[in-house]
Amino acid sequence: MASTSLSLPSLKLQFPSHTSSSSRKNSSSYRVSIRPIQASVSEIPPYISSPSQSPSSSSSPPVKQAKLPAQKVPGDYGLPLVGPWKDRLDYFYNQGKNEFFKSRIQKHQSTVFRTNMPPGPFISFNPNVVVLLDGKSFPVLFDVSKVEKKDLFTGTFMPSTDLTGGYRVLSYLDPSEPNHAKLKKLMFYLLSSRRNEVIPEFHNSYSELFETLENELSTKGKAGLNAANDQAAFNFLARSLYGINPQDTELGTDGPKLIGKWVLFQLHPLLILGLPKVLEDLVMHTFRLPPALVKKDYQRLYNFFYENSTSVLDEAEKIGISREEACHNLLFATCFNSFGGIKIFFPNMLKWIGRAGAKLHSQLAQEIRSVISSNSGKVTMAAMEKMPLMKSVVYESLRIEPPVASQYGRAKHDMVIESHDASFEIKEGELLYGYQPFATKDPKIFDRSEEFVADRFIGEEGEKLLKHVLWSNGSETENASINNKQCAGKDFVVLVSRLLLVELFLRYDSFEIEVGASPLGAAITLTSLRRASF
């Protein structure tokens, strides 16, 4: 999802071993019990602790680096209207995203250059950007002392606030704006107040997913993952964060479908849907779709969240946020950020693991089952910290195909940005853009950068590379706060991704897939699920 930031609270909290009975009152109708699960942890896991000291802090003196040659940022924007339109056609159709950037790197002999980013006219009238495509220049986009993030969540255009109840939600706020800190605090509160439920509810929701896939495999010989994952993801988020089973409400099973339509009206200028090129470019990339067409769908989602988030809305009023604004933000954080992240990342991660083959599957199954067995059969955060291969696989999946592909920032003042090869002067007000898959596959940082290396982040040397995993609008070794734009749900995303692998390989020895394309992430079809044999 383009420029998506998963705005849910960071898991910097201990998970108590007890479970609140009051939070389970709405969930009896969907409980699935296969094995005991306890949401507990003996200590705060290392992956959410403070960054370790860098190697440069050792006793040996630092090596003085040669001054990089100063260059003018290469490239241009072309003629008004014509240049942005031509770049848009190249980006979507003539070249595609990766070739669009690769060809310009080759043309300019630089990973920093000027171009136009979609959608351009007549949705965005100022699509001019300076592109950053290497791991050295890219991190400036996270430095809020140097760049402003106001209204840049989706890039060179901002969807109508009619799609979010008339409010600019948290993802579009710069940390300098007063409501940013208040709303981010509210997101932290959301998860901390429901921390007991995350691991058990993930188990329940994804056990239902696996049963659905098994039934479809047995009757049809193959099973589509994406739609089933969408339903499981929405059920999990509603149950764990709001204590409600959607199927017991007026919403029923419509949540994912309603979210899909609503997200389409926000992101259509950035998507390819497979329509005839001329028609798609005219309808999807040239003019905005009217928000009124999804008003009723959005109202159904809003009603669901308003009715089932009383305690969080009470907290919002204490912080100084109206219940209405808070609810629109909760909806956005849950449906766009969190649901959208799971929708994209889970299929992408399974694509890479599926392609890696049975040997990796066996190694993961052995590691996961051994640790859980020694932990009395309980899945806990502390237990997952003892699974180095599983953790590395999650980080490698986030590195090689980050769910957040794009980042933007507007220069707050004149500055100098450095790539590996040169330095460039940037003027105040210029819009900076980074395409993250290039930064996280920088061959000057990662060996075999284009390959999926499952054990890349194991051991001391592997852990040093985590600072270059950037999917969360910040480094993996840094933490979200009210003062930055790093994804408030960074650790939540890592946790649920780990849980998916644990649940999968506790249940199955291996799986086989077919991979197709979709507007958001990979389309996965399962052709085989081999039940656990040991």
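Cβ coordinates come from backbone N, Cα and C, glycine included.
Under the heading region 'Disordered', Swiss-Prot lists 1-31, 43-71. Positions annotated as transit peptide by Swiss-Prot, on the basis of sequence analysis: 1-69. As annotated by Swiss-Prot, compositional bias 'Low complexity' applies to 17-31, 43-62. According to Swiss-Prot, the heme b binding site annotation covers K149, H180, K184, K485, C487, on the basis of similarity to another entry. Taken from Swiss-Prot, the feature (13S)-hydroperoxy-(9Z,11E,15Z)-octadecatrienoate binding site applies to N337. Here Swiss-Prot flags N337, K343 as (13S)-hydroperoxy-(9Z,11E)-octadecadienoate binding site, drawing on similarity to another entry.
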Heme b binding residues K149, H180, K184, K485, C487: largest Cα-Cα distance, in Å and rounded to whole number: 15
Alpha-carbon spacing, K184 (heme b binding site) to the residue listed as '(13S)-hydroperoxy-(9Z,11E,15Z)-octadecatrienoate binding site', which is rounded to whole Å: 13
Number of other Cβ atoms within 10 Å of the Cβ of K184 (heme b binding site) across all protein chains: 26
K343 ((13S)-hydroperoxy-(9Z,11E)-octadecadienoate binding site) and K485 (heme b binding site), Cα-Cα, nearest whole angstrom: 22
Candidates K149, H180, K343, K485: member of the binding-site residues with the richest Cβ shell (10 Å): K485
Length of the line joining the Cα atoms of K343 ((13S)-hydroperoxy-(9Z,11E)-octadecadienoate binding site) and N337 ((13S)-hydroperoxy-(9Z,11E,15Z)-octadecatrienoate binding site), in Å: 10
Nearest-integer angstrom distance between the alpha carbons (Cα) of K149 (heme b binding site) and N337 ((13S)-hydroperoxy-(9Z,11E,15Z)-octadecatrienoate binding site): 17
Length of the line joining the Cα atoms of the residue listed as '(13S)-hydroperoxy-(9Z,11E,15Z)-octadecatrienoate binding site' and H180 (heme b binding site), in Å: 16
